[in-house]
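I have a structure I would like to understand better, so I am pasting it below and will then ask my questions one at a time.
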Amino acid sequence: MNYLVNYCKISFYFLMSISLSLFLISLKFLLMDLVYFIEWEILSLQSMSIVMTFLFDWMSLMFMSFVLLISSLVIFYSNQYMEEDYNINRFILLVLMFVMSMMMLIISPNLISILLGWDGLGLVSYCLVIYFQNVKSYNAGMLTALSNRIGDVALLLAIAWMLNYGSWNYIFYLDMMKNNIEMMIIGGLVMLAAMTKSAQIPFSSWLPAAMAAPTPVSALVHSSTLVTAGVYLLIRFNDVLMNWWMAQFLLLVSGLTMFMAGLGANFEFDLKKIIALSTLSQLGLMMSILSMGFYKLAFFHLLTHALFKALLFMCAGSIIHNMKNSQDIRMMGSLSMSMPLTCSCFNVANLALCGMPFLAGFYSKDLILEMVMLSYVNVFSFFL
C-alpha cells in the first residue's frame, strides 16, 4: 500500500509543479503578447505532408495550468478517498491518461491532433464512468460514449471539409475565409461537436448519467475539464461564430439548456446529480456569452467555474463517504454539526456559484451581466 500512496503523491507533486510553472509562463506570455507556434514534419508523401503542430499562447498555457492544478488535487484527494480500492493504481493511470488527452486538445491548432485528444477524452471518460463495473455504471458509460460519438463524427466531417483549404491548421484560415460557405459548414460541424461534448440540448442527458463514476472523477472530468473542452474549442473557433444565424442558434440552445438544468435540479434528490445539473447550467451560460462574441469572458468564467465546482464535488464526495455511500439529500441533516469544516467549504463553493460578492463567481458573472446589458443583442436575450 505504501508503494501506491507514494505513486499518488509523486503524481500530485509532479502535476502541481508543472501547473504552477505553466501559470507563471502564461502570465509572461500575456504581458508580452507572445505566441509560439511549433511545427515539425512527421511524414511527407509527394505533395502531401503530415505535420505535428503545437500552439503555445497565454490562453492554452493558462488553461493547461488550471487542468493540471485540479488534476493534481483530485489525485491527492483520491489517495485517501479510494484507499480501500484494489485498483487505485489503474485509477491514477486513467486520470493521467485523461490529463494527457486534455493537453493534446488544448495545445493543438490542427484538427487532426485535436481529434486525437478529443477521442482520447471520450475513451478515458468511458473507462472512468464504468469504473465500478455494475449495471448502472455500464448503462451510464454507454450513454456517455454514444452521445459523444455524434460530436466525433461531426469533427471527422469538419476534417474532411478542411481538405478544401489544403491544410488542417484551421488557425490560418479562420480570419481570412470566415465568410466562405466551406468555413460556415466547418463552423457548424465544430459547433455540433462542441454541443455534444459540453452537453447542450439535445445531448444533455449524458452529463447527469455520468455521475455513476467515482466522485474524484466527477470533480475532475465532469465539472472542470472534459465538459469545458467543447467551450474551449468554440473559443478557438470564435471567428466563425460571428455569423449571425450560428450565434443566434447557439444563444437559443444555451438559454434553453440553462433553463432546463435549473428547473430539473429543483426536482432532484441525488446530491451529485444536483451539482451536475448546476454544471450544465454554467456551461449554458458560457455558451451564451460566447455566442454574443465575448470569448475572453467565456474563458474567464470557464476558469473560475472550474475551481469552485471541483471544490463542490470534493465536499460532496466527503459527505457521501461519511453517509455510508448514500447520495439522497433527504437522508442528510445536521451536517454542519457533524462535519463543520466540510460544510464550511461546501457553503463557500456554493456562494461562489451563486455569485456572492468578492468570491470567484462574482467577478465573472458580474462582468457577463454588465457586458450583456451593454451589448446590442441584449433586447433579444431579455425577451428570451
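In case you wondered, yes, glycine gets a Cβ from its N, Cα and C as well.
Sequence annotations record features per position, and here Swiss-Prot assigns transmembrane segment to 12-32, 50-70, 92-112, 113-133, 153-173, 183-203, 215-235, 244-264, 274-293, 298-320, 343-363, 364-384.
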In the same chain, which residue numbers or ranges, 6 or more beyond the ends of the transmembrane segment (244-264), come under 8 angstroms Cβ to Cβ?
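For the transmembrane segment (244-264), the list is 184, 187-188, 191, 195, 199-201, 204, 277-278, 280-281, 283-288, 290-293, 377, 380-381, 384.
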Flag the pair the transmembrane segment (92-112) / the transmembrane segment (298-320) as in contact if three or more Cβ pairs fall under 8 Å (sequence separation 6 or more).
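These two segments do not touch.
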For the transmembrane segment (113-133), could you work out the same-chain residues 6 or more beyond its ends whose Cβ comes under 8 Å from its Cβ atoms?
52-53, 91, 94-95, 97-98, 100-106, 140-141, 144-145, 148-149, 151-152, 155-156, 159, 193, 197, 210, 212-214, 217, 221, 226, 229, 233
Considering only Cβ pairs within less than 8 angstroms, which of the stretches 50-70, 215-235, 298-320, 343-363 has the most against the transmembrane segment (183-203)?
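Out of the listed stretches, 215-235 contacts the transmembrane segment (183-203) most.
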Is the transmembrane segment (215-235) packed against any residues at least 6 beyond its ends, judged by a Cβ distance under 8 Å, and which are they?
59, 63, 66-67, 70-71, 74-75, 77-78, 81-82, 95, 98, 102, 105-106, 114, 118, 121, 125, 128-129, 131, 151, 190-191, 193-200, 207, 241, 272, 275-276, 279, 283, 286-287, 290, 295, 298-299, 302, 305-307, 309-310, 312-314, 316-317, 320-321
